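The GTP binding site feature in Swiss-Prot is assigned to 72-79, 143-147, 197-200. Annotation comment: Swiss-Prot describes 63-344 as domain 'tr-type G'. Taken from Swiss-Prot, the feature transit peptide applies to 1-38.
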Amino acid sequence: MFKRVGLIAGIAGPVAGSSRFSAVSFSKRAFSASSKRCTYEEERAVLDEIQPLLSEKDIDASKKLRNIGISAHIDSGKTTFTERVLYYTGRIKAIHEVRGRDNVGAKMDSMDLEREKGITIQSAATYCSWDKDNESYHFNLIDTPGHIDFTIEVERALRILDGAVLVVCAVSGVQSQTVTVDRQMRRYNVPRVTFINKMDRMGANPFRSIEQINNKLRIPAAAIQVPIGAESELKGVVNIIDRVAIYNEGSNGEKLVTGPVPEDLKDLVEEKRALLIETLADVDDEIAEIFLEEKEPSVDEIKAAIRRATIARKFSPVLMGSALANTGIQNVLDAIVEYLPNPSEVLNTGLDIAKDETKVNLIPSSTQPFVGLAFKLEEGKYGQLTYIRVYQGKMRKGGYITNVKTGKKVKISRLVRMHSNDMEDVDEVGAGEICATFGIDCSSGDTFTDGTLKYSMSSMFVPDAVISLSITPKSKDSTNFSKALNRFQKEDPTFRVRFDPESKETVISGMGELHLEIYVERMRREYNVECVTGKPQVSYRESIQSSAEFDYTHKKQSGGAGQYGRVMGNLSHIENSNTNNFETAIVGGRIPDKYLAACAKGFEEACEKGPLIGHRVLGVNMLINDGAIHAVDSNELAFKTATMAAFRQAFLESQPVILEPIMNVSVTSPNEFQGNVIGLMNKLQAVIQDTENGQDEFTITAECPLNTMFGFATSLRASTQGKGEFSLEFKHYAPASPQLQKQLIADYQKKQQQK
């Protein structure tokens, strides 16, 4: 595997590029799935050792490069923000809005569906340049979706980026998906600057949002700007570090004008500047020393401390403005240059498969052997488009790279930099760059090298699907139907397809109703396939609450070659686990290794379809510690069958339970509908966790069984006159109510009898 130091591999669902049984571990001793999280100080020590290995050319190229993602809660203004970035960096000549009247739409929303719905569905990459202090800096920029149903797009972007801009709404503050994005940034150790957007909106309060960032996200954050004016009177911002007022002028805010701090803001500027220094003193030793000596740090010392603390992921500087009002965006571009890391300041490591998976540090030098990660696939006009982050070495047009997983050597016939759905051909890209290429048959998460190295990379965390529905093409010609499903599965690891042998139906699974609805619509538009879908179904899980011993013999001997396999051991519950585990403790070789491997396969298959209702099994440990073989009749099939039967027997004796997905629900609505919304949540068996009352609207956060949430969007619209909005995110699995469990088991048994 390959991982950024500190990444904890996700085990909640199959990982892109891995087998479908990746959540099951097989070893002769208990398997530990967690990895040690390194501190930034440990990373820094390794980076200091790598630095002398870089040439001046490598260092210079790296210093001028930033790989940045734009992330936020839905409707916080990410895509509008990115549109301004493209305009001010000269990448586009005119600004178009997400829901523009000209029917053009924002550049980064290239799909028709995105422009129609006004949301980002796929992450989009672009490349632009920004000039600061007479130097030109190059940004690889990825705009990500804000809706939880498309969370894999955020995961795969943050997996390969070095820094991020977290966009927060000045009115709504930290919202449910903001918390999710924060968790994703921590998972991949991505430092961030924060931009408080929509400062021109009524009710905007940046300092309340900063307080929420500190309290809810638990990361020290402080303003480095204060607004000039408020709401519709927003005129600009004051840079409190330099004590300079900055105004956006021109038809699109393209001209920056500086001036003295307005008289009525001087006290606020000094107050927030003192708070900034105090916050930095808590996270940076050099500022702490100056602070304790009761001296005032210089401007350069403050900026250096912000950079150190931001890259160390101990602090986030907060800027503010309004993307829609063309205010404050250029300041964020300056902050990206000043405070976010370049590729040589981020430690990435890999495992050398040729040396028993020894950990190796990747060197961000273009003179080193090539190592890259395919992190995203798209079907383009010219075939499969594969996005690759280059960690080490170079990629050249006409050159060859090797897929470490398959061993297949492929030629790079075309190399491009992406600009949303447009592309620009390039001859080569170096370490730290992000590019795309055509004609490579691979999966998302595959590692590529120049063929001299056998380094392997881990893929991104892939959450488990929580909702399924049956899907059938209206036409008997299923060629395009199969093509679409195969393509979508390959592109999106959270989109799963299976054939149900009992109902004889194709079943698709994903992260939510919108997620699956989008794919059904894309089939119609892109493949001309009209589909009929069934009622959404919850992805339940089966588990146990106690343990049981087993001693099972599978015997089939009726003359000639037969089958014989005996397995003994126990089945037990793994507390708070999203995995299943198989282990052996055989003494004296009573069961040969080849039969134990068959036992592991039997366990994997048994976990795919539980005994209660045929859903996947979760949180179970199976130990085989004894058994017996027959000199003639024992074989792999016999031991696989014996293991599956032993599993079923012990499972039903271990207090089996059906688990249902519990969702984290966040509902925001005008205050006058609060009673209606609370009543609606109570009907859904929701447990309300928190209620926040704002000036005009309120937000309720609750935990609710997914089973009760179908049709919630319609109910919420009816209860709030169409003014309420909500977001759903999977929280955890919990035992379903006894009544629901009985009903599910009865329905399953009835289906089995009808077969």
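Here the Cβ of each residue, glycine as well, is placed from N, Cα and C on the backbone.
Per-residue confidence over the domain 'tr-type G' (63-344) averages 88 (mean pLDDT, predicted model). Taken residue by residue with DSSP, ALA72 (GTP binding site) is part of a strand.
Counting only residues at least six positions away in the same chain, the Cβ atoms of ALA170, PRO206, PRO227, ALA230, GLU231, LEU234, MET320, GLY321, SER322, ALA325, THR327, GLY328 sit under 8 Å from the Cβ of MET199 (GTP binding site).
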